[in-house]
Amino acid sequence: MQYCFQTMGRIRRNVGSFKKKFRYFFKERYSFKMCFVISCIVLVVAKESCIRFNPYVKIDAKHDSITNPEYNRDFFMQFDVVMNALDNRAARNHVNRMCLAADVPLVESGSAGYLGQVTVIKKSKFECYECQPSPREKTFPGCTIRNTPSEPIHCIVWAKHLFNQLFGEEDPDQDVSPDTADPEAAGDSGRLAVDTEAKSSGAGGIERVSTREWAEASDHDPQKLFKKLFHDDIQYLLSMDKLWVKRRPPVPLIWEQLPKEDILTTRRGSLEAQRLWTVQECANVFSDSLKDLKEQYKQRGELAWDKDDKAAMDFVTCTANLRSHIFLIPQKSRFDVKSMAGNIIPAIATTNAVIAGLIVVEALKILAGSFNKCKTVYMSRFANARRKLLIPCELVSPNPKCYVCSPKPEVSVKLNTNTLTIKSLEDKIFKACLGMIAPDVEIDDGKGSIIISSEAGETEGNNNKTLSSFAISGGSRLKADDFLQNYELIINIVQCENLAEEKEFEIVGTIPEASDSKETPGAITNNGTAVNGGAEDQAGPSMVSVQEDDEDELIMMESEDEDEDDEALSSSNRKRPLTEETHQAIFKKARLSETDDDTKDDNLVVLES
């Protein structure tokens, strides 16, 4: 039998992860065009390598985005099976919906470090990629980042915000100055004293002005910036005395009196990138990186933080560690900061090779028509009690409440129609939350009033209008149709004028629920069934979102075709917990938790007999 393959791959404008693999060919700056050319070469080389294994195979390699309109339902219908190797949720959602629309089996997969999984998705037979709820991003109140950090990640997020405030795109929600709106803040007399002293001194003051304006006025002077950020602002925080009733108060730093060694930096790594810097070294790096970034800012204007830019990475590392020292938080090496700030999940070649092999095994079962033999397979870092790293599990039936693959997809959204705009409805709900690419939305009132059109410019005038201006209220129904995904959805509007602070909407009702009886082996469970729009349930003036890094429980079930002991366990339908090491990435039904979707590549591999 002769097989015909089509492979697809794409890199985006943020080419940090790609250019690391080819830094041998470049000196310091990496152009997008050059990386584009290299990525095309990689596809061609991969194609030629495969042909050397089997010269009778026909392979068509494409360098493109799978979400382009030309890859529509008809495109997917030409294949017998689709094999997914994508690494961002938006593209995974899209391929999932296209395979459902075309009724083509999909082999979904993912890996992160030593862990991985493969599963099979088939319309009306096995659950789809979106049948189970996605894990929420971990968020912190803005006041925690600005006033009372207690973990290294708090300081790293603060350092990235500082970079943007000085050299990047300014965002009021990323302010790094002390937060006077903190509900715990107190000590007005002390705060006034600090303000008065700062204004009278005229140097390194903490007047409430833009951080960028203040920095530019001082010509980004390292000592003045250091004094403001790590001394004056800390003194300001100390004046909020109620913050420190049950916390250890921070210790301000003085440029001229920095400790040469730090008791929290005694650990040293064998590699320079894994060595912890002393406070004095952090101050020196702060001065040097500030000068380099100032020159880049003058030449190029606003900068975008890039983990592969030396000056930007050094700046975040040193400022995060200086703040950690002030708040008596364990400091991190440059390597660790890069991993946390860049949301890097290590790629291990052997894991990827094993997962690739499992993809082919499941694809062969599909091509043979043996859907009853298809499995979900999880790869663990450590062998279980039976000395197995690969744990096959039975596939799960579709979730009847899934708003993607159920016969009549429907979902309810709780929002305030008097404040939510049409633009927010389109961008934050339909595209960001519900994963649509080009939605057309009309009011289901018998008149077919269109409020959002996928045609550019048709409904642009509606963007800043609220939903209530179109007589949309509680009980109204909206019909959404994404022609690119062949996907239709009914949205029930639930009017709510007292949503929790920082939330614009909340998807409720028909979101798939993660219950014990339906929990997928190896699943990440969610706290609650609602998907929050814009924030967690924590209170605070503002929220900061970072990648979830907590340890979860990994649940695994042995398959029926094991030995006798395995069969006995399987027949009892009991799930066995397996505890992984802290900070291991845990998976849910072929779903990975991606942090910055815009920085990922789209890769589609499809197989046709």
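Cβ atoms are placed via backbone N, Cα and C, with glycine included.
Per TrEMBL, the features are as follows:
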type: ACT_SITE; residues: Cys143; note: active site, glycyl thioester intermediate
type: BINDING; residues: Ser65, Ile66, Asp87, Asn88, Arg89, Ala90, Ala91, Arg92; note: ATP binding site
type: BINDING; residues: Cys128, Cys131, Cys402, Cys405; note: Zn(2+) binding site
type: COMPBIAS; residues: 547-568; note: compositional bias 'Acidic residues'
type: DOMAIN; residues: 45-402; note: domain 'THIF-type NAD/FAD binding fold'
type: DOMAIN; residues: 413-499; note: domain 'Ubiquitin/SUMO-activating enzyme ubiquitin-like'
type: REGION; residues: 169-205; note: region 'Disordered'
type: REGION; residues: 511-609; note: region 'Disordered'
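The binding-site residues near Cys143 (active site, glycyl thioester intermediate), taking a 10 angstroms Cα-Cα threshold over the set Ser65, Asp87, Arg89, Cys128, Cys131, amount to none. There are 23 other CB atoms within 10 A of the CB of the residue listed as 'active site, glycyl thioester intermediate', with all protein chains counted.
Distance noted between the C-alpha atoms of Asp87 (ATP binding site) and Cys128 (Zn(2+) binding site) is 17 Å. By a simple count of nearby Cβ atoms, those within 10 Å, the most crowded of the binding-site residues Arg89, Arg92 is Arg92. Straight-line distance linking the Cα atoms of Cys128 (Zn(2+) binding site) and Arg92 (ATP binding site), rounded to a whole number, equals 11 Å. Break the domain 'Ubiquitin/SUMO-activating enzyme ubiquitin-like' (413-499) down by DSSP state and the numbers are 19 helix, 29 strand, 39 coil. The sparsest Cβ neighbourhood within 10 Å, among the listed binding-site residues (Ala91, Cys128, Cys402, Cys405), is found at Cys402. Taking the C-alpha atom of Asn88 (ATP binding site) as reference, the shortest distance to any of the binding-site residues Cys131, Cys402, Cys405 belongs to Cys131. Across the binding-site residues listed here (Ile66, Ala90, Cys131), the residue whose Cβ sits among the most other Cβ atoms within 10 Å is Cys131.
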